[in-house]
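Student: Mind having a look at this structure? Questions to follow.
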Amino acid sequence: MKHLLTLALCFSSINAVAVTVPHKAVGTGIPEGSLQFLSLRASAPIGSAISRNNWAVTCDSAQSGNECNKAIDGNKDTFWHTFYGANGDPKPPHTYTIDMKTTQNVNGLSMLPRQDGNQNGWIGRHEVYLSSDGTNWGSPVASGSWFADSTTKYSNFETRPARYVRLVAITEANGQPWTSIAEINVFQASSYTAPQPGLGRWGPTIDLPIVPAAAAIEPTSGRVLMWSSYRNDAFGGSPGGITLTSSWDPSTGIVSDRTVTVTKHDMFCPGISMDGNGQIVVTGGNDAKKTSLYDSSSDSWIPGPDMQVARGYQSSATMSDGRVFTIGGSWSGGVFEKNGEVYSPSSKTWTSLPNAKVNPMLTADKQGLYRSDNHAWLFGWKKGSVFQAGPSTAMNWYYTSGSGDVKSAGKRQSNRGVAPDAMCGNAVMYDAVKGKILTFGGSPDYQDSDATTNAHIITLGEPGTSPNTVFASNGLYFARTFHTSVVLPDGSTFITGGQRRGIPFEDSTPVFTPEIYVPEQDTFYKQNPNSIVRVYHSISLLLPDGRVFNGGGGLCGDCTTNHFDAQIFTPNYLYNSNGNLATRPKITRTSTQSVKVGGRITISTDSSISKASLIRYGTATHTVNTDQRRIPLTLTNNGGNSYSFQVPSDSGVALPGYWMLFVMNSAGVPSVASTIRVTQ
C-alpha cells in the first residue's frame, strides 16, 4: 500500500516548489523490532512550500560571501552565515526575517542546516514568529530546540495568515556565537479557518530534539520529562543501555536534553507508574527486564531492580499501599503468558504473583499473544486490588497479596450489547470517589483494524464485585485508535488525536478534531481542531497550569511520520466570554504540602472559589496513563477566602504519591495547581 506525502524539494533555481512523491508504508503488519532504519526523517507541515520568487530577506548579521539570500537560492551547498572575524563575533540571538510580499496561510517552516560537514552555526534553541505588518510580532508560534545534526528541521504550527516570518536563533548547538542556514522554506495550508470561540485553542508548538514516545510530569518542578529510545528518531536495532531524554520547562519555555546511561536501560515501550514515594518507575521495553527510577526532587535517574519477567508494552499501576503492579508485555522479552508481579519501593524488589494470571485479560488479536496482552487498562483500587477495565472485552479484579489471584468482573457491556475488544483505546478515572471510569475508542486488533466510537462509564464498588457499566452518551463523535486523553480539573475528559484505522507509523486517516466529555451532561463536545497529526506513539499530559501537553508520534527512523514536537491545548475554561484569557483564582497558602490519607488541608485563596479537585500527576506512553485520576473535593468555607477539605480516607481512592490541587471560581476558571503529596 502506498500513501502520498507532500515534501518540499529545493531545485537549482531560487524558487522552491512542492512536489508529491509516493511514500512506502512503514510498519504495516510488521513487528516493530524487525524493522531496519537508515536515516532520520521528520514530518513536514500539511500543505505545500510557498514560492520564494520575489521574497525579500534580511538578517541581523552576515559574513561576506554568506549573505542572507544564500538561504533561499535553491542551492544546498551555499548558506547564510553570521559575521565571524578576529575582533569578536556578534552573539545570539540572531534573526532571519522573510517578507513574502503577499499574505499567505502560513502553517510551518523548514530549515536545512549547512551541508558542508562543518557544524558551525547549527541552530539549537529557537523561536518562530509571524507578522502581518513586519512590526507587530506577538508571541512565538513555535519555539524549542532542534536536534544537532544536518537533517532538515521543521517547525509545524497552527495556520495563521501572515506576510512576514521571522526565525530567531537563540543558541548555537555547540555553544558558539554563530548562526548558519543552507535553505529555508515556509509552508502554506490550503485554507484558513479562524478558531471558533468557546472551543479551546491550540498553540504554541514546542519543537523537540526527540520524538517523545513516553513522558511524565516532574511533580516537584512541573517540567515535562520525555524520552524516545537509544536514538531520537528510532527504536529498532537497539544496542541497549541508553535512552535519549528531553525536558520542557513551562515556566521558561526552555527545552533541554540528556542522554541516560546510568541505568543501562533503553526505555522505549515501557510500563510507567509513579510509586507511592513519588518516584517514576519505568520498566522493560527494549531492555525488557530492566527497571529505571526517576527521582524528581534530585532530577536524577537511578538503577532499579530487574523484573522477574522480561516485558515490553506492558502496563503497570500504583496500588493503595504504594507498590506497583505490572502484567503482560509480550512485545519484547519473549512471547508467553506473562503473569503479574509487584514492585516494592521500600525493599527495591520485584515479587512474582504466579496466580495473577494474564490469560483472563487477553484480547482476541489476530497477531496472537504478541499483541493480546499489551497496554492493559489498570486502576489501583481499594485493599491492594487492581481493576483491569480493558482493552479486552473481559474485565477482571487482580489481587496482590501472597501469590496473587484474579477474579472475573464480567464484560464491558451495556444495553447496546457486549463491547468488542478495544486495543489502544483509553480509560480515564474522572471521579475516584465514586469509582467512575470513562473508556472510549480503540479497535479489535492492534493494527490494520478499524477504530470504534464506543464509550462506556464503568462504576467500581468494592473489590470483587461486578461493576456497573453503561454506554456513555451516544459514543464518540469520531472513531479513533492510538489517541490520547487527560482528565481536567472540572471533571471533564479531553480526548485528542488518533486514527480511524490503526496503522502504526502511518499518518493516514487522522482525526484532527478533539472532543471533551462532560459527565454531568453525559455529552461529548467537539473542540477546535489542530493541524498536526498525533497517532501512534503520541502522548498527552495535564500540566499544572490546567493546559494540555500533546505531542509526538512516529519514532520510525527512515520514515516521514516522525513528529519532533508537541502542542499546547488551552481548554475553554481558561477564557472569558470575550475570548481573552480569564483572571484565575490563586492559591496563596496551603496548611501543608504533605498529608496522610484522611487528613485535612486548609487553603487560602485570593478570591472566592466554589470548587476544588485533586488530580494525580500523570505519566503517558502508548495510549496508557494509569497514574492520572481525579478526586472532586468537598469544600468547607471557613470565612473570608479560607477553605478546608478532607482527603479521602481510603488509599485505594487517594493513591499515595503527588497530586495537583486545583481550585475553581464560580465561572469554572481553575487556578494554577499547588502540589500536594499524599502519604499512607
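Cβ from N, Cα, C; glycine included.
The shown structure was predicted, so the numbers you read here are calculated from the model rather than taken from an experiment.
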Student: Would you identify which residue of Tyr294, Tyr313, Tyr343 Swiss-Prot lists as part of the Cu cation site it also attributes to Tyr536, His537, His622?
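Tutor: Checking Tyr294, Tyr313, Tyr343 against Swiss-Prot: the Cu cation site match is Tyr313.
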Student: Restricting to CB pairs under 8 Å, which listed stretch, 223-268, 279-321, 323-372, is in contact most with the repeat 'Kelch 5' (492-544)?
Tutor: 223-268
Student: So which residues does the repeat 'Kelch 2' (279-321) touch in its own chain, when a touch means Cβ under 8 Å and the partner is 6 or more beyond its ends?
Tutor: 214, 216, 218-221, 225, 229-230, 235, 238, 240-241, 243, 260, 262-273, 327-334, 338-339, 341-343, 345, 348-352, 373-386, 400, 619, 622, 624, 626-627, 650-652, 655-657, 680
Student: Could you tell me which of these disulfide-bonded residues, Cys68, Cys559, has the greatest number of Cβ atoms within 10 Å of its own Cβ?
Tutor: Cys559
Student: Highest CB neighbour count within 10 A among the disulfide-bonded residues Cys59, Cys556?
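Tutor: Selected residue: Cys556.
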Student: Considering only the recorded positions Tyr536, Cys556, Cys559, which residue has the minimal Cα-Cα separation from Cys59 (disulfide bond)?
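Tutor: Comparing Cα positions, the candidate nearest Cys59 (disulfide bond) turns out to be Cys559.
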Student: Give me the count of other Cβ atoms within 10 A of the Cβ belonging to Tyr536 (active site, proton acceptor).
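Tutor: I count 29 other Cβ atoms within 10 Å of it.
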Student: Find the shortest Cα-Cα separation between Cys68 (disulfide bond) and the recorded positions Tyr536, Cys556, Cys559, and name the residue that gives it.
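Tutor: Closest recorded candidate to Cys68 (disulfide bond) by Cα: Cys559.
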Student: I'm trying to understand the geometry here, so how far is the Cα atom of Tyr536 (active site, proton acceptor) from the Cα atom of Cys556 (disulfide bond), in Å to the nearest whole number?
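Tutor: On Cα coordinates alone, these residues lie 10 Å apart.
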